[in-house]
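Accompanying notes for the structure given below.
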Amino acid sequence: MNTYEIDCHVELVKPFGLLITPNYPEQDINSLPVDALRKLAQDHLLVILRGFQSGFTDKEKLTEYTRHWGELMTWPFGVVLDVMEQSIPSDHVLDSSYIPLHWDGMYREAIPEFQIFHCVSAPEAAQGGRTTFVNTEQLILDASEDEFNTWKNTTITYRTKKVTHYGGEVVSPLVCLHPKGNKWVIRYNEPMHQEDKYADHHSVTIQGLLSEEQKAFEETLYNRLYDPRYFYAHQWQSGDMVISDNFSLLHGREAFISRSPRHLQRVHVHGMPVCENNSFRTISDSNSIDSTVKEV
(Lines of atoms letter the chains of each structure in order from A and count residues from 1; the text may use other names and numbers.)
(Lines give C-alpha, C1' and ligand atoms only; values in the text may rest on other atoms or scores of the structure.)
Protein backbone atom coordinates (compact mmCIF):
# COMPACT_ATOMS: atom_id res chain seq x y z
CA MET A 1 0.00 0.00 0.00
CA ASN A 2 1.40 3.36 -1.03
CA THR A 3 1.10 5.80 1.88
CA TYR A 4 2.49 8.67 -0.20
CA GLU A 5 5.27 9.28 2.34
CA ILE A 6 3.13 10.86 5.02
CA ASP A 7 4.63 10.89 8.50
CA CYS A 8 2.09 8.77 10.37
CA HIS A 9 0.87 5.23 10.90
CA VAL A 10 -1.52 3.93 8.24
CA GLU A 11 -3.60 0.75 8.35
CA LEU A 12 -6.40 -0.68 6.25
CA VAL A 13 -9.95 -0.69 7.56
CA LYS A 14 -12.28 -3.55 6.66
CA PRO A 15 -14.09 -3.69 4.30
CA PHE A 16 -12.66 -0.43 2.89
CA GLY A 17 -10.90 2.74 3.96
CA LEU A 18 -7.82 3.75 5.93
CA LEU A 19 -7.15 4.56 9.58
CA ILE A 20 -4.33 7.09 10.05
CA THR A 21 -2.84 7.71 13.50
CA PRO A 22 0.09 9.84 14.75
CA ASN A 23 3.70 8.77 14.64
CA TYR A 24 4.59 10.89 17.66
CA PRO A 25 2.82 12.55 20.62
CA GLU A 26 0.90 15.79 20.02
CA GLN A 27 1.27 15.44 16.24
CA ASP A 28 -0.78 18.15 14.54
CA ILE A 29 -3.12 17.30 11.70
CA ASN A 30 -1.60 20.16 9.70
CA SER A 31 1.64 18.17 9.50
CA LEU A 32 -0.05 15.85 6.98
CA PRO A 33 0.07 17.12 3.37
CA VAL A 34 -3.45 17.71 2.08
CA ASP A 35 -2.50 16.60 -1.44
CA ALA A 36 -1.39 13.23 -0.06
CA LEU A 37 -4.55 12.85 2.03
CA ARG A 38 -6.72 13.78 -0.96
CA LYS A 39 -5.07 11.09 -3.07
CA LEU A 40 -5.57 8.53 -0.30
CA ALA A 41 -9.24 9.52 0.00
CA GLN A 42 -9.75 9.18 -3.76
CA ASP A 43 -8.05 5.78 -3.84
CA HIS A 44 -9.52 4.30 -0.63
CA LEU A 45 -12.79 6.31 -0.47
CA LEU A 46 -12.69 6.74 3.31
CA VAL A 47 -9.87 8.16 5.45
CA ILE A 48 -10.10 8.26 9.24
CA LEU A 49 -7.66 10.54 11.09
CA ARG A 50 -7.54 9.67 14.79
CA GLY A 51 -5.48 11.02 17.65
CA PHE A 52 -4.14 14.18 15.99
CA GLN A 53 -4.15 17.67 17.46
CA SER A 54 -6.31 20.06 15.44
CA GLY A 55 -8.18 22.74 17.38
CA PHE A 56 -11.08 22.23 14.97
CA THR A 57 -13.73 22.76 17.62
CA ASP A 58 -13.09 26.35 16.53
CA LYS A 59 -15.13 26.63 13.33
CA GLU A 60 -12.80 29.23 11.87
CA LYS A 61 -9.83 26.86 12.20
CA LEU A 62 -11.84 24.02 10.65
CA THR A 63 -12.91 26.25 7.76
CA GLU A 64 -9.36 27.49 7.20
CA TYR A 65 -8.07 23.91 7.09
CA THR A 66 -10.75 22.56 4.76
CA ARG A 67 -10.17 25.38 2.28
CA HIS A 68 -6.86 23.67 1.50
CA TRP A 69 -8.90 20.74 0.17
CA GLY A 70 -10.69 22.81 -2.47
CA GLU A 71 -13.71 25.02 -3.01
CA LEU A 72 -16.16 24.70 -0.13
CA MET A 73 -19.90 24.33 -0.62
CA THR A 74 -21.80 27.15 1.07
CA TRP A 75 -25.22 26.60 2.64
CA PRO A 76 -27.62 29.15 4.16
CA PHE A 77 -25.97 28.42 7.54
CA GLY A 78 -22.43 28.79 6.14
CA VAL A 79 -19.90 26.06 5.37
CA VAL A 80 -19.82 24.21 8.72
CA LEU A 81 -22.92 22.30 9.83
CA ASP A 82 -23.16 21.29 13.48
CA VAL A 83 -24.71 17.82 13.32
CA MET A 84 -26.13 17.38 16.79
CA GLU A 85 -29.48 16.81 18.42
CA GLN A 86 -31.47 19.99 18.98
CA SER A 87 -34.21 20.52 21.54
CA ILE A 88 -36.69 21.40 18.77
CA PRO A 89 -35.23 19.73 15.65
CA SER A 90 -36.34 20.97 12.25
CA ASP A 91 -35.58 17.66 10.53
CA HIS A 92 -34.20 14.16 11.12
CA VAL A 93 -30.58 15.30 10.66
CA LEU A 94 -30.83 17.40 13.83
CA ASP A 95 -32.69 14.72 15.78
CA SER A 96 -31.46 11.44 17.28
CA SER A 97 -33.23 9.28 14.69
CA TYR A 98 -31.65 7.17 11.99
CA ILE A 99 -30.78 8.72 8.63
CA PRO A 100 -31.29 6.53 5.54
CA LEU A 101 -28.47 6.01 3.05
CA HIS A 102 -28.09 8.90 0.60
CA TRP A 103 -25.57 11.06 -1.23
CA ASP A 104 -25.01 14.69 -0.25
CA GLY A 105 -25.91 17.50 -2.62
CA MET A 106 -28.71 15.58 -4.27
CA TYR A 107 -31.04 18.56 -3.74
CA ARG A 108 -28.47 21.16 -4.77
CA GLU A 109 -27.16 22.46 -8.11
CA ALA A 110 -23.78 20.81 -7.48
CA ILE A 111 -22.64 17.60 -5.80
CA PRO A 112 -19.57 17.84 -3.53
CA GLU A 113 -16.72 15.36 -3.91
CA PHE A 114 -15.92 15.04 -0.22
CA GLN A 115 -17.55 15.27 3.17
CA ILE A 116 -15.13 16.22 5.91
CA PHE A 117 -16.45 15.34 9.36
CA HIS A 118 -14.90 16.39 12.66
CA CYS A 119 -16.11 14.81 15.89
CA VAL A 120 -16.39 17.40 18.67
CA SER A 121 -17.77 14.86 21.13
CA ALA A 122 -18.66 11.20 20.70
CA PRO A 123 -21.38 9.09 22.29
CA GLU A 124 -20.57 5.88 24.10
CA ALA A 125 -20.65 2.81 21.86
CA ALA A 126 -23.81 1.53 23.56
CA GLN A 127 -25.59 4.82 22.79
CA GLY A 128 -25.55 4.26 19.01
CA GLY A 129 -25.06 6.99 16.43
CA ARG A 130 -22.52 5.34 14.16
CA THR A 131 -22.18 6.92 10.71
CA THR A 132 -22.74 4.32 8.00
CA PHE A 133 -20.97 4.10 4.64
CA VAL A 134 -21.49 1.85 1.61
CA ASN A 135 -18.86 1.27 -1.08
CA THR A 136 -21.06 1.30 -4.18
CA GLU A 137 -18.06 1.21 -6.48
CA GLN A 138 -17.06 -2.25 -5.25
CA LEU A 139 -20.67 -3.41 -5.05
CA ILE A 140 -21.11 -2.74 -8.76
CA LEU A 141 -17.84 -4.47 -9.63
CA ASP A 142 -19.08 -7.60 -7.82
CA ALA A 143 -22.60 -7.50 -9.28
CA SER A 144 -23.71 -10.03 -11.87
CA GLU A 145 -24.26 -8.87 -15.44
CA ASP A 146 -28.03 -9.20 -15.08
CA GLU A 147 -28.01 -7.33 -11.79
CA PHE A 148 -25.91 -4.50 -13.20
CA ASN A 149 -28.11 -4.16 -16.30
CA THR A 150 -31.25 -4.05 -14.15
CA TRP A 151 -29.77 -1.33 -11.96
CA LYS A 152 -28.42 0.60 -14.94
CA ASN A 153 -31.90 0.72 -16.48
CA THR A 154 -33.59 1.81 -13.25
CA THR A 155 -34.57 5.47 -12.84
CA ILE A 156 -35.81 6.84 -9.51
CA THR A 157 -37.64 10.05 -8.66
CA TYR A 158 -37.17 11.59 -5.21
CA ARG A 159 -39.24 14.50 -3.93
CA THR A 160 -39.17 16.43 -0.67
CA LYS A 161 -40.51 19.76 0.51
CA LYS A 162 -37.97 22.44 1.33
CA VAL A 163 -38.53 22.87 5.05
CA THR A 164 -34.89 23.48 6.06
CA HIS A 165 -31.90 24.17 3.78
CA TYR A 166 -32.66 21.66 1.03
CA GLY A 167 -35.56 20.29 -1.00
CA GLY A 168 -36.87 19.71 -4.51
CA GLU A 169 -37.13 16.89 -7.02
CA VAL A 170 -34.38 14.58 -8.21
CA VAL A 171 -34.76 12.21 -11.17
CA SER A 172 -31.67 10.01 -11.28
CA PRO A 173 -30.56 6.66 -12.65
CA LEU A 174 -29.75 4.21 -9.89
CA VAL A 175 -26.35 3.61 -11.49
CA CYS A 176 -24.36 6.58 -12.80
CA LEU A 177 -20.93 7.13 -14.22
CA HIS A 178 -18.50 8.51 -11.66
CA PRO A 179 -17.94 12.23 -12.41
CA LYS A 180 -14.43 11.42 -13.58
CA GLY A 181 -16.01 9.00 -16.08
CA ASN A 182 -13.89 5.95 -15.31
CA LYS A 183 -16.20 3.80 -13.15
CA TRP A 184 -19.81 3.21 -12.16
CA VAL A 185 -21.38 4.20 -8.84
CA ILE A 186 -24.81 3.95 -7.22
CA ARG A 187 -26.91 7.02 -6.46
CA TYR A 188 -29.69 6.05 -4.06
CA ASN A 189 -31.64 7.58 -1.21
CA GLU A 190 -33.35 4.92 0.86
CA PRO A 191 -37.03 5.40 1.72
CA MET A 192 -37.75 6.83 5.16
CA HIS A 193 -39.45 4.71 7.79
CA GLN A 194 -43.20 5.13 7.57
CA GLU A 195 -43.38 6.43 11.14
CA ASP A 196 -40.94 9.26 10.40
CA LYS A 197 -42.42 12.47 11.82
CA TYR A 198 -40.71 15.24 9.86
CA ALA A 199 -42.09 17.32 7.02
CA ASP A 200 -39.02 16.67 4.87
CA HIS A 201 -40.00 13.00 4.60
CA HIS A 202 -39.09 12.26 0.98
CA SER A 203 -40.98 10.15 -1.53
CA VAL A 204 -39.28 7.49 -3.65
CA THR A 205 -40.80 6.39 -6.97
CA ILE A 206 -39.13 3.82 -9.20
CA GLN A 207 -40.24 4.35 -12.77
CA GLY A 208 -42.12 1.47 -14.37
CA LEU A 209 -42.75 -0.53 -11.19
CA LEU A 210 -46.03 -1.14 -9.40
CA SER A 211 -46.14 -0.62 -5.64
CA GLU A 212 -45.51 -4.26 -4.70
CA GLU A 213 -42.79 -4.57 -7.35
CA GLN A 214 -41.06 -1.48 -5.98
CA LYS A 215 -41.22 -2.85 -2.44
CA ALA A 216 -39.58 -6.09 -3.55
CA PHE A 217 -36.91 -4.17 -5.47
CA GLU A 218 -36.14 -2.00 -2.43
CA GLU A 219 -35.83 -5.05 -0.18
CA THR A 220 -33.41 -6.73 -2.58
CA LEU A 221 -31.34 -3.58 -2.90
CA TYR A 222 -31.32 -3.13 0.88
CA ASN A 223 -29.77 -6.57 1.33
CA ARG A 224 -27.07 -5.76 -1.22
CA LEU A 225 -26.23 -2.35 0.26
CA TYR A 226 -25.94 -3.70 3.80
CA ASP A 227 -23.83 -6.67 2.78
CA PRO A 228 -20.79 -6.66 5.15
CA ARG A 229 -18.47 -6.75 2.12
CA TYR A 230 -19.50 -3.18 1.24
CA PHE A 231 -20.91 -1.73 4.47
CA TYR A 232 -18.92 0.04 7.20
CA ALA A 233 -20.29 1.70 10.34
CA HIS A 234 -17.93 4.18 11.99
CA GLN A 235 -17.87 4.32 15.77
CA TRP A 236 -16.84 7.87 16.59
CA GLN A 237 -14.18 8.95 19.05
CA SER A 238 -13.84 12.57 20.09
CA GLY A 239 -11.35 14.33 17.83
CA ASP A 240 -11.84 11.97 14.87
CA MET A 241 -11.71 13.51 11.42
CA VAL A 242 -13.23 11.50 8.57
CA ILE A 243 -12.88 12.30 4.88
CA SER A 244 -15.38 10.41 2.74
CA ASP A 245 -15.81 10.21 -1.03
CA ASN A 246 -19.33 11.46 -1.76
CA PHE A 247 -19.16 10.28 -5.38
CA SER A 248 -18.55 6.57 -4.67
CA LEU A 249 -19.99 6.13 -1.18
CA LEU A 250 -23.49 6.37 0.18
CA HIS A 251 -23.76 7.29 3.84
CA GLY A 252 -26.32 7.45 6.62
CA ARG A 253 -26.61 7.28 10.40
CA GLU A 254 -27.77 4.82 13.01
CA ALA A 255 -30.21 6.17 15.58
CA PHE A 256 -28.76 7.11 18.95
CA ILE A 257 -30.07 7.58 22.47
CA SER A 258 -31.57 11.02 22.89
CA ARG A 259 -29.38 13.53 24.74
CA SER A 260 -26.25 11.53 24.03
CA PRO A 261 -23.16 13.75 23.61
CA ARG A 262 -22.95 13.21 19.84
CA HIS A 263 -21.68 16.34 18.07
CA LEU A 264 -20.14 16.33 14.61
CA GLN A 265 -19.11 19.19 12.34
CA ARG A 266 -19.45 18.67 8.60
CA VAL A 267 -17.97 20.51 5.64
CA HIS A 268 -18.52 19.80 1.92
CA VAL A 269 -15.65 20.15 -0.55
CA HIS A 270 -16.22 20.43 -4.30
CA GLY A 271 -14.19 18.47 -6.83
CA MET A 272 -12.29 19.99 -9.75
CA PRO A 273 -14.17 20.71 -11.89
CA VAL A 274 -17.29 21.18 -9.80
CA CYS A 275 -19.76 18.33 -10.37
CA GLU A 276 -22.98 19.84 -11.73
CA ASN A 277 -26.17 18.12 -10.60
CA ASN A 278 -28.25 17.68 -13.75
CA SER A 279 -30.79 15.47 -11.94
CA PHE A 280 -32.14 18.19 -9.64
CA ARG A 281 -34.82 20.81 -10.01
CA THR A 282 -36.78 22.85 -7.51
CA ILE A 283 -40.45 22.31 -6.75
CA SER A 284 -42.97 24.88 -5.58
CA ASP A 285 -44.54 24.84 -2.15
CA SER A 286 -47.63 23.24 -3.66
CA ASN A 287 -45.45 20.30 -4.78
CA SER A 288 -45.87 21.09 -8.46
CA ILE A 289 -42.83 21.65 -10.62
CA ASP A 290 -41.76 25.29 -10.60
CA SER A 291 -41.44 25.99 -14.31
CA THR A 292 -39.99 29.42 -13.63
CA VAL A 293 -36.80 27.97 -12.20
CA LYS A 294 -34.08 26.97 -14.60
CA GLU A 295 -33.40 23.23 -14.59
CA VAL A 296 -29.71 22.48 -14.11
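The backbone N, Cα and C atoms fix where each Cβ goes, glycine too.
If you look up Swiss-Prot, you'll see H102, D104, H251 marked as Fe cation binding site, on the strength of similarity to another entry. Other C-beta atoms found within 10 angstroms of the C-beta of H102 (Fe cation binding site) number 17, with every protein chain shown included.
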Self-check item: Remaining residues near the recorded Fe cation site, that is with C-beta within 8 Å of the centroid of the site residues H102, D104, H251
Solution: L101, W103, M106, Q115, N246, L249, L250, G252
